[in-house]
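Novice: Here it is, the structure in full.
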Amino acid sequence: MRAKLGQHFLSSGQIAKKIADLANLSKNDAVLEIGPGKGILTEHLLEKAGKVIAVEKDERLSRFLKEKFSGAKNFKLINADIRDVLKNPTSYKLKAKSYKVVANIPYYLTSFLFRLLLEKSRIKPEKIVVMIQKEVAQRICAKPPQINLLALSILAYGKPKIAFFVKKGSFSPPPKVDSAVLVIDDISSDFFEKNKIKEKDFFEFLRLGFSHKRKTLTNNLAKKYGKSEIKNVLRDCDLNKNIRPQNLFLKDWRYIYGKINK
């Protein structure tokens, strides 16, 4: 079966097993697999999980998977776009704290899928184990002075870490870049609930703070709040008035946001 444009199938069963093992699955777990492809990862997930819900957009691959796993009672295949599924998860019986996401996701969908799974979804997964582009995984796990909007957006919900790297030769056809397996544990909305912060408002604040990377935080936030107010807040937080957004930890953003919006 030939790959369509943009499709890169994992060809290493050993790596597929390592990914499945990272999810710490039991027969009590339901797994959402995004883009199962030819099912090399699916095989290992079915051995460990109570239920595997595989979402595959490609009709040709869906037919292949349906036949391949026709004897698996714990396998459910959805021939649909994952973006549509995540917008209405209750239709597919995905319940809060009762499912995990394990997937080799398309590179071009990475940031968008994280937003759907974490920021936009009312029903968040308990854990995420995904293979993504190496550079993106490193950005997600970055710390000051290289922290970025994507990293903070994920840190607000869970604890990301890179489990291991995967060479491009482990795929067929091989992509142009290497990959990394990223694990996000302890996913919840506790950060927002405990601090009484509205998710939408906080992310708008972050986006404003990162609107121009080369500018200081003061100049970026001054568009809405005014320079003098921002300087006073930074002084109260014991932060330099010339600090840049990539130098701040999540706790700093929370404190600044709280001071401005009290």
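Glycine is no exception: its Cβ is also placed from the backbone N, Cα and C atoms.
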Novice: Check TrEMBL for me: it has His8, Leu10, Glu56, Asp81, Asn104 binding S-adenosyl-L-methionine, so pick out which one of Gly35, Gly50, Gly71 it puts in that same site.
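Specialist: Among the candidates, TrEMBL records only Gly35 at this S-adenosyl-L-methionine site.
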Novice: If you draw a 10 Å sphere around the Cβ of Glu56 (S-adenosyl-L-methionine binding site), how many other Cβ atoms fall inside it, taking every protein chain shown into account?
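Specialist: Other Cβ atoms found within 10 Å: 25.
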Novice: Mind telling me which of the binding-site residues Leu10, Gly35, Asp81, Asn104 has the densest Cβ neighbourhood, counting other Cβ atoms within 10 Å?
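Specialist: Output for this query is Asn104.
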Novice: Which residues does His8 (S-adenosyl-L-methionine binding site) neighbour through Cβ under 8 Å, counting only same-chain ones at least six apart?
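Specialist: Same-chain residues close to His8 (S-adenosyl-L-methionine binding site) (Cβ under 8 Å, separated by 6 or more) are Phe171, Ser172, Pro173, Pro174, Pro175.
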